[in-house]
Amino acid sequence: MQTLKTPSTLTMSNHPIDQLDLHVPGSDSANSTVGIRKRDKFLKFCGFSKAKSKEVQPKASNQSPHSRPASQQSTRPSSNVAQVDNVLPGNKLSSIMTQVESEPSSHINSVPSSGIVQDEHTSQQSTQPLSVVSQVSSSPSGSSQPTCTTDNRSTSLTSDNQSTPSSIAQERVLFAPLYTSCILEDIFNEDVPKPTIKTELPQLQQRIKMTQQLVYCNTLLLQDSLSLVVAATVEGADNGGPLVLQEPALAKAELDWLDTTKNDLMEADRLRWLATRVVEQFVADVNKDSAKIAEIVILGPVLQKEPYHKLLSTFFERFGDVSMLNVDMLQGLVQLLQFASPGYLESDDLVKILKIIRERLESTHHQSTEHSYHLTLAVSRVLDVMADHKVQDLDRVLQHEPLSAVLSGLKESSDPYLLYQACYAFQALQYVPDDESALQTVWRHSTGVVHGLVKVTAVFKLDLPSVLEGLGNLQEALGSTISVAGTVYEGICSLMESGRGVLDSLKEGLGSGQKRLWYPAVKAAYAFAQAGQLKDLKVLIFEAPCRRDPLFQWGICQLMGEIAIDPVWPILARQQAATLLGHLCQHDQDWGRDESVKAWMLTIITKLCASFGQAVSETARPVLQDLTVNQSALTKHPYPLRARLPIPDTSPLLAKVQNIPHLEYELHKFRLQRLEEAKLPVYIAPMAKANLQARDDELFPLKEKVQEFLASNRQVMLILGDSGAGKSTFNKHLESELLRTYTRSGSIPLSINLPAIYQPDRDLIGEHLRTNNFSEGQIQEMKQYCQFVLICDGYDESQLTVNLHTSNLFNRPGQWNVKMVISCRTQYLGQDYRCRFIPDGTGHYTRQATELFQEAVIAPFSKEQIKDYVEQYVPLEPRTWTTKDYMDRLTTIPNLMDIVKNPFLLSLSLEALPGVTEGKQDLSAIKITRVELYDTFVRHWLAVNSRRLQRNVLTREDRDMLDQLLEAGFISMGVGYATRLASAIFEHQDGNPVVQYVHVKDKRSWRAEFFGLDPEARMLRESSPLTRTGNLYRFIHRSMLEYFFSLAVFDLNSHNDRDEFAPQSDSSTDPALLDAEGPLFKRSLLAEPSVIQFLCERVKQHPDIGKQLLAVIEQSKTDTSAATAAANAITILVRAGVHFNSADLRSIRIPGADLSDCQFDYAQFQGADLTGVNFARSWLRQVDFGDAQMDSVRFGELIEERAAVNAIAFSPDGKSFAVALRDGGVTTYDTTKWTRVRQHKEQSEVLSIAFSHCNQHLALGNKNGNCRLWSTVSGKILLVMEGHTERLNSVAFSPCGKQIASASSDRTIRLWSTETGECVFVLNGHKLNVSSAIYSADGRRLVSGSRDGTIRVWDPETGALEAGWPIPRIGAPCVALSADGRQFAFITGVRRGEIRLMDAITGKTDLTLDNDTDWLEDVAFSPNGELIVSSSRDNIVRLWDTSSGQLISRLSGHRNEITICTFSPDGLQIASGDQDGIIRLWEVNTINRSSSNTQELAAKVRTVAYAHDGLCIISNRINNTIQRWDSSTGASRSIPLPSAPNVYSVAISPNGHCLANGCESGKIRLLNTQTDVVERIILGPNPYPVVDVSFSHCGRWLASGDSDGVTRLWDLDSTDDQGKVVGERASLRSLGGSVVFSPVGDQFAVGSPSDSPRSYRLRLFDPRKTDLRQPLKELCLSDWLHSMDYSPDGQRLVLGTDASSVMLRGLQSEEPDVNLEGHTDAVLSVAYSPCGKWILSGSRDKTAQLWSGEVDSWSCVAVVNGCSEAVTSVAWNPVVPMEFVTGSDDGSVRVWRISNVEAGDVSIRMHWGSHIGRLCAADLTFKGAVGLSPIYRKLLVQRGAVHDSSPPEEVDGSNEEEIEVAVA
């Protein structure tokens, strides 16, 4: 603390007027007449009487300060010394008088900067400070008196506050604050929360009662948002940053309310909205009375920026417009400024407001003192705000000086309150910087007065030490102004003589930029008060350096009065403010010395006694009574004593606002309702894949993908999934998450159950909002201004086929602005499903905008997700089972984990498991299917509700009804009720699951039976798995509706007492289950795949149902009314896996049946009605369709005729198809009949063709470089366009048809006129051959691709290259452009095996399509841009998805490299041509793209082998999978392989217990066939693939051959894993050697390549010998050996070689070889039958042949055809006679049975075959069949499947030979 040394002999008064009497410069004595007159004038000006002033006038002392010893001189803190108060008006005079009296003036010490005062005579520093708070010494009597200590000495004060005579001299110097500890300890002894309007806090959604409540709520929300900010940083404050106060801790009730409100963002938004609406209402009201002003102003601190500025502007404009001064409007304007949030105020606004108030003050102060007071008060507070906000642009001439002049003009006023406000305003003005330059400032302050030396921000850090330090620094900095005191004093005296007052003295004497200490001290006091820091405020009042200054005291008194009257302060604080005022007035002599201050304090206390609350009045009255009041000293205060407008008693604005329908409020109520409805007891975040074709291991979190979608520009996201996959659950969760985070002006999440909307294709959103009670006005407002996230659930359930986005005109001008998330079951989709969801584009050409579409497919649960689900499920209710218990059961019961990967089935399983497993010891014997889970769940549900009803208190009527239901069987009655309801829903609502029932309206409808008031219906309804929302009813899940509907097809009520999970008996004891009036006969079920699935499982569960369905099919032969039922029945059976091999299906009626993926080997369909039947991907061999009705029958593939194909093209209308042949021929076809229309022959080979837009012209690009225009109508050449010097690789018509583009190997592109044939432009730029050229759909761009590795884009109208092109790429011959011109597709990659998609506008690469192919030849976009087709040299046509880059399908059937491919104009067909001249047509819609029905394309089969007992078959595929098949039924399962090794060969041990598989790594794994556990791994010494393994008949020996040509023998009884090398290593590596053991003895044969090319060695060995280097026998073969097998007697070997014959070799003699001829290609597999009388051979010619004979006499007795690829492996069943299995490169595993052996007419019929996903047709008969379309007739003829050829067709009037066909 700073100290100041003062002469102890100096006696002086604290009052500035008294000091005027001491010494006046230029006068002889302090009592001169001039001095007294000036003093009296000043007293009169300040309103003080002469008598009173004389009472306090001190006597002069003649003692010189220099005559006293230093020991008697004292120091005191600067905060209590009059001399350091020189910066304030009154105390400035004191310091002047001190200097005058202490002559000479040169002896006066100024305050050193160090804060330490040094005596000039002793040079002794005094550093001991005086305590800033008076110390209390305890007297012996126990009383306490305040003392002031300095230099270790005390001055005692008497009770009447008078010093003893002995200390009168020191009293004037060391006058300390006078207050007794007993009083002051109880005053402001603790801080209080920041003054805030507080009321009762409302509950969520509760109506706000008053505006104060609204302010309180918004204050808490605002305070919470700033809770992390503790205080302003020093740096921020120094830079003029806003004042940041540390917020006090909130009460528990406030914290609880905040937590509740923060968790409901909509409620917080509603409260803010209400505040904004109140502002809007105030602005709109014409009558802005005092009540409304008071109501709106209290909202100011909590408003958001925009409404705040709107309100401020309204006040500003209204204040300026009204001629009469509205004091409330003025104070409201000022109050808005004072309590503005940080960052809200702009300097320009403050300057404008100050200007208008100043102008009003200029015109008012001569008229009304009251108005002048209010305006001056307003000026003061506006200037305060400007000072706080560091306003920098207050113009000196326009604002600063005029305002100074106005304030100076108030000197004539006799109103002390007005004068104080003028003084305050003038000081505030000094802290508002002006815009003068530095030179102007120097000139203006040439008198030497210093200003602006303190940082105001240091005052506003609001910690007491900083405040006091700041004030001390300011005092010190302004100490140098003492040297000009004489000048200042002269100015004051002259002002007083002229009748001018304090304000004039400040302006003329101290007002030239001079800042005074009392002003920032008062501001600091107000800041402490506003922050609730009352303890610091009290210390500041008593220890401020300027506490003796009357203006400081005046300001503090006013502050205490404002606190006492303000109801926002706590009552105790208000009472203590009044008490403190009384104490200062009665006990503090510093305060009591100035009569104006004392009078002001008495006036305030008197006012407090009058009103302002009983507690405050009762506190003020005793204080007033204790004071001896001189009524003449009291000054009337005509103005209201208030810091703010009164708190309003009413809230008229809020009342009006809350009567206005509030859209956001309605949305909020709707939101709360939906949040409650969307609660999910268990939720597991689903994983998903990009689309149906994506791999199952390429998964991502669905929520993240949806969030990406919502943040993107896409408009529709389709979420697919199987029934029960969790689509609705995810939609609920998504809605809940979006609702929780919704804020006003954000996108509104709106979840719509589509089946509940009457016509969702018309006004989807509007209809939904109406059902939720939104008004039409609100709906229109939302339509115009709001954005929606539309979550549409149940597209499939609503039976929709329209595009909702398109039909509702979403995102069109003036329509709903939405992002749509829509879910649909996968089973409901057709092939071209995306067209139902992709938004329409807005370009010139109508198209679907695929870039606005996105999709995802929900994946089944993983094991981890299942466990997470169980962990959430278990705590929901008290259960005896733990998570581990459930997981143990789920993993132990066979196949159950596969079932519960479906979330809904998982929930059913968890409910059913305890009952299912109760009492069961062997869980592995329990079998559970999907339908059995539903059975158990329904029984459990109804049983629980039955017990609930029995426990409940019921009416007599209800109790009687319950007894009847229990007697009849409650469960069966409940099932019957739900079954009838489901049947009625399908019958009356076409399966729409939502039923609306209003009793008055619907009591006579079909709904009344189920939802009426009948007690039985009501009791069963309440017990059924139904859910209700208002008057809408539905089953708890769509699949539950379908389940009960399936029960309506098969009445299984008689099964209710059975254990649903017990093994079912095969015997049929049930009566006929099929109702002729039921759904099976009345409704086609093909559109309900989930119902079909339930029925399929019923067939497997109850064999008698299958028999009933077969009976229905049989019934249809004679009963036409059974046609629908028969079509349903055969479809169900096919889906259940029933095969119809050798079935008698003659005359059946099954129109529309879906027989895809079924097997009809030797089936008979003669005379059947097959209208609309789908045979896609079926097996059709030896089938007789004679006399069948075959209209609209589909086979799923198309094929065209043979020709030497270079190019193909469809006409734009799709009615014509053209083929360019390598021999120069061009042929056109009519696609409606696929007949030839016209042929043309060119002299040069035609490499490229293109149709004109009119469909009548064909452009031909020839090898000789000519482009020719040919008429497809007349067959004539119309134009010849010459100019190119090399071959034409591509020709294209412009969309308008006026231009042809030709791309040539001469590196140029030429554009030709189709009217004249002239060359319009030659486009140069490519460095190598130009491979392709294509126009965009609008004709404005021409895209070319070249082998130089670039893509170039040209303007065909100017021939100019577009800017930004070319785009470099890896060279490739082909570029395709999508129809909308937005995307390129081009071939790239080192091996030309990749397709890259590129944005045609930006050149950015989007996706890379890669399927491990070596050489792609052609690519083409589908017309809608969704698909890409590619052709390659591996004979495969590939179909791709452009949105995801996923491969959809591989289409095989070509035998040679495919050179060209394209789409038909309607996108329904793909045409492809190969080097053999085969053209194939493929139906796009029959290419299976659904994840629920599609199996991956079956990989090629390497090996098939029977187990020793013939019960199972083992197969090995090239994709390294091993499968076990049931040889009787064809059921299969994969054998798990650890770490997925690449398996090249398999063999089964003779006892069937061991499976050996040779791996790529050279290892051999021995797998236990019972446990699927690898029991042993034989580590081979060489890392070469083991391509062949074979067991000896005793099981001891295992022989293997690797690709390095080494054969090894392993003794399995030994632990030695090295094995013996057999013979010599082959000189050539073999990819498929052959090792086989003899069935008798221990001999084995080894085949391996010999040193001679294309020859093989066959060597025989004995495994018992120790030396295996030399064979027992060696035979040479002239052809490559693929397979061999011993005869049962071990005497012969049958060999399959590269030659197309089967070779027999005798081993005991040199018998000549027997060659069996019949195959047309290499024989890959051979096998002897167990009896030795039959030989099987499988060939690369795609057939298997059966040979019969013995020894050397053999003949082919049957040929098995139908395989689409090579037959790679054959094997005989060792137990079942005449049964064998084949494996093929087409991926099939098929079991065959031989019949009619005795009759001599041997036939081979397929018993079962695996699904391979393609049509297989052979040896079909169509004699008399009608309605088969020409295209399918040709397909089957070309496949070689038809023996009765069609008559030849005429072409141009001449007979042409029938087109040669090829088998696919």
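The backbone N, Cα and C atoms fix where each Cβ goes, glycine too.
Which of 721-742, 1601-1622, 1645-1666, 1843-1864 counts as region 'Disordered' depends on TrEMBL, and there it is 1843-1864.
Residues 1680, 1682-1689, 1694-1704, 1754-1761, 1763-1772, 1774, 1777-1778, 1780, 1782-1784, 1792, 1794, 1802, 1804, 1863 of the same chain lie 6+ residues outside the repeat 'WD' (1716-1748) yet bring a C-beta within less than 8 angstroms of a C-beta in it. Sequence-distant contacts of the repeat 'WD' (1579-1620) (same chain, at least 6 residues past either end, Cβ-Cβ under 8 Å): 1542, 1544-1551, 1554, 1556-1564, 1566, 1626-1640, 1642, 1644, 1646, 1648-1649, 1661, 1663, 1668.
For the repeat 'WD' (1323-1364), the DSSP-based tally of helix, strand and coil residues reads 0 helix, 20 strand, 22 coil. Broken down by DSSP into helix, strand and coil, the repeat 'WD' (1716-1748) contains 0 helix, 18 strand, 15 coil. For the repeat 'WD' (1409-1450), the residues of the chain that approach it from at least six positions outside its boundaries are 690-691, 693-695, 834-835, 838, 847-848, 850, 853-855, 1372-1374, 1376-1380, 1382-1383, 1385-1387, 1389, 1391-1397, 1456-1463, 1465-1467, 1470, 1472, 1474, 1480, 1482, 1484, 1487-1489, 1497, judged by C-beta separation under 8 angstroms. Residues in the repeat 'WD' (1579-1620) partition by DSSP class (helix H, G, I; strand E, B; coil) as 0 helix, 19 strand, 23 coil.
Averaged across the repeat 'WD' (1409-1450), the predicted model reaches a pLDDT of 82.
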